Amino acid sequence: AANVYGGGSSSGMVEGSSSTDSWSERVKSNNEIKELRKEVKSKDDEIRALRIEKMSLESEVFAYQKDIETSNRDYENLEKDFKELEGSQSQNSEAQIQLEVLTTEHTAMTAQLNATCADLEEIKTRAKADIDAKEEQWKNREKELLFEMSVLKSRAGKSADDDLDMENGDVDDPAVLKARIEERDRRIAELEEQLLNGEQLRRALHNRIQELRGNIRVFVRTRPFLPNDGAASNSSIDIMPDGESLAIQGKHAGEGHGFKFDKVFAPSAGQGVVFDEVSEFVQSALDGYNVCLFSYGQTGSGKTHTMQGAGSGVMRGLIPRSIEQIGLHKKKLELEGWEFTMDASFLEIYNEAIRDLLRDAKSNESKHDIKVDSNGRRTVTNLTVKRIDPTDAACCDDLLSLAAKRRSTASTDMNAVSSRSHSVFTLNMTAKHLEKNKLIRGTLNLVDLAGSERLDRSNATGQTAKEAMAINKSLSSLTDVFAAIGEKSSHVPFRNSKLTYLLQPCFSGDGKTLMVVNISPTEESVQESMCSLRFASHVNKCELGKAKRTCTKVR
């Protein structure tokens, strides 16, 4: 029994243990399933969250795409607006430049018109005075004749009086008196014409003598009053009728100084009148001479206006008018079988440094030196030289405008746009005729000097004051050169400044030189005008010798 019970008990334990393991596994499996379900649920939640996040991101991406499209449209619109604004600014800039040119031209024309009106008023006043004087003279003469006639009648007898009345009965005849007056006026006109012809002959002979001597010719030009100068009645300059003399009033009453030059221009003289006198020098350059035209004077005296002028009409200066004359000559030469070329360069000398005014805008300024070849000709290194057609007015105007924009200027109390440098515009011309075997080379230098000024009047400070001192030093070197030439010194200090060294051939007897001295009519500028006139008087006495022409064979 015990065995029977014991055996039964062992078998039951085995079965219980197996059942427990199965239950544990089932529980474990259930737990794993639960865990898996939780994990699946968690993953589903993550997937759902990711889907939501994806949808959110897709919405954001869509919104960003919309923003980008909007930004692109805004950018395109802004770019379009910018281009329109840029174009508008360019147009405004061009319009502003054109307005400045027109304003300058209008100011110059108004000033010249006022000067012309003043001259006309003076002529009318003089004419009226002359007419009144002649009327008074004829009245007095008529009284004298009547008195003489009455005396003769009283001295002679009655019969003699009758005979005298019969002989001279026409004395009281108005027609006879009128005829006599007309005859006398005709004779006066003939004498005046002879006097004028004699004066023209004298001037021609004087110019010929000056040319043979090689004297530096000097013209003086008085600018008209400008709006900020005050009343024109306060002019310190008195131009004489002979067109060669002037008087300048000193600061004190009765203090005056007289000067005489090759030509003196009144304030009413226009740009064309001045160029008519200068054109013979341009022709000399075309004929093969080395020619230099200077514009000299104090700040604000009209130097740049004389050389460059304003606009494209009657206010054009010597430079554009010279190019026009060269263009006309070129056409004439080409009809005669000549080949004509012209090369141009434009530089400024600023604080004793040379600057190229025609260089490419994208290129930096190069270092420039003055070199001298075996023939004594001067060249400037790294200087832009452009071949231009003098008959192409638009091209020439663009060239001059480019140089004018790049030239150094500053505002002082004496001049709102004061040139702070010397500018040298050089035209090298060559005419070649193969059949005649002739080669003509001429050079025309057109020089606009920087304005001399007193620091106490210009109130220049800082950099502007340094510029003024450099300008005055350079002009002083020019004065020293002319003084040495005038004294026929064995040493002429050309090397003391870049300007005189560059233009040495013009002062050495190989060329012709003309200086146009510009002066201001205002009383405030008397001291500067006096200095300019005294300097011009010394220059006018400088003898360079007869100029040499460059005309060789082609081969």
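Every residue, even glycine, has its Cβ placed from backbone N, Cα and C.
Just so you know, TrEMBL annotations are computer predictions that nobody has curated.
According to TrEMBL, the feature ATP binding site maps to G297, Q298, T299, G300, S301, G302, K303, T304. DSSP assigns G300 (ATP binding site) to coil in the three-state reduction, placing it in neither a helix nor a strand. Of all the Cβ atoms in the protein chains shown, 26 others lie within 10 Å of the Cβ of G300 (ATP binding site).
Positions annotated as coiled coil by TrEMBL: 181-208.
The compositional bias 'Gly residues' annotation in TrEMBL covers 1-10.
The compositional bias 'Low complexity' annotation in TrEMBL covers 11-22.
Here the domain 'Kinesin motor' (215-542) has a mean pLDDT of 85 out of 100. Among the features that TrEMBL reports, domain 'Kinesin motor' is placed at 215-542.
Sequence annotations record features per position, and here TrEMBL assigns region 'Disordered' to 1-31.
With every protein chain in view, the residue among the binding-site residues G297, G302 whose Cβ has the most Cβ partners within 10 Å turns out to be G297.
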